[in-house]
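Enquirer: Right, I'll just put the structure down here and ask away after.
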Amino acid sequence: VLPREEPSSSVASPGGWCQLAGSAVIAFGLWFRFGGTIKDLSSEDKSPEYFYVGLYVLVGAGALMMAVGFFGCCGAMRESQCVLGSFFTCLLVIFAAEVTTGVFAFIGKDVAIRHVQTMYEEAYSDYLKDRGRGNGTLATFHSAFQCCGKESSEQVQPTCPKELPDHKNCIDNIKTIISVKLQLIGIVGIGIAGLTIFGMIFSMVLCCAIRHSRDVI
């Protein structure tokens, strides 16, 4: 009888990869959600929840990837076809979530941009009607997007960042910044989805290797 080949050390790779990728996705999502422009906007009464949906899905998928990675490692160590099959199924769910995130970020970009622009225009109008009430909200927008007013900054100059070198139209800046951020989310989502395909293929190949090694015995 030929000695049995032990595939466990190589099978552990997909689980470890999932945990590493999951940690990176969670870190990216949390940094995006609570850092810079988005962090400033989230403190307002009307936060752009539409913009956050993709991030929430991304962070959730990252957390699931970490949990799935643990089970993948356990299945590899125990050489369990059942656990590895569950690992494959969970990767399939993660793949769907990441693709949804990527598609949402690209297709829903215009809606998200318009949503934030509408928030700004409402804050702009409130400031002109009651300069005391709208001051804080408008100042937050100007600070977050490094802009000042729309066609002109004269009416809202007190709320503009002092370090701003020249006038920048906030409507245009909002479109540019939100577009770039959503494209980045979409790229990360599609990229992780692509990697999960390799994880699914690898897990099935290794599952078959375990079955083959048992059949030889």
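The backbone N, Cα and C atoms fix where each Cβ goes, glycine too.
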Enquirer: If you follow TrEMBL, the disulfide involving Cys160 connects it to which of the following: Cys148, Cys170?
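Expert: Out of the candidates Cys148, Cys170, the one TrEMBL links to Cys160 is Cys148.
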Enquirer: Would you mind listing the long-range same-chain contacts of the transmembrane segment (50-71), meaning Cβ under 8 Å and 6+ residues beyond its ends?
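Expert: Result: 14-26, 28-30, 32-33, 38, 42, 83, 86-87, 90-91, 93-94, 97-98, 100-101, 104-105, 108, 111-112, 115-116, 178, 182, 185-186, 188-189, 192.
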Enquirer: Cβ-Cβ under 8 Å from Cys148 (disulfide bond), same chain, 6 or more residues apart: which ones?
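Expert: Long-range Cβ contacts: His142, Val156, Gln157, Thr159, Cys160, Pro161, Leu164, His167, Lys168, Cys170.
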Enquirer: Could you pull out which residues elsewhere in the chain have a CB under 8 Å from any CB of the transmembrane segment (83-107), counting only those six or more residues past its ends?
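Expert: Cβ under 8 Å, 6 or more out: 11, 14-15, 18, 53-54, 57-58, 60-61, 64-65, 68, 71-72, 74-76, 182-183, 185-190, 192-193, 196-197, 199-200, 203-204, 206-207, 210.
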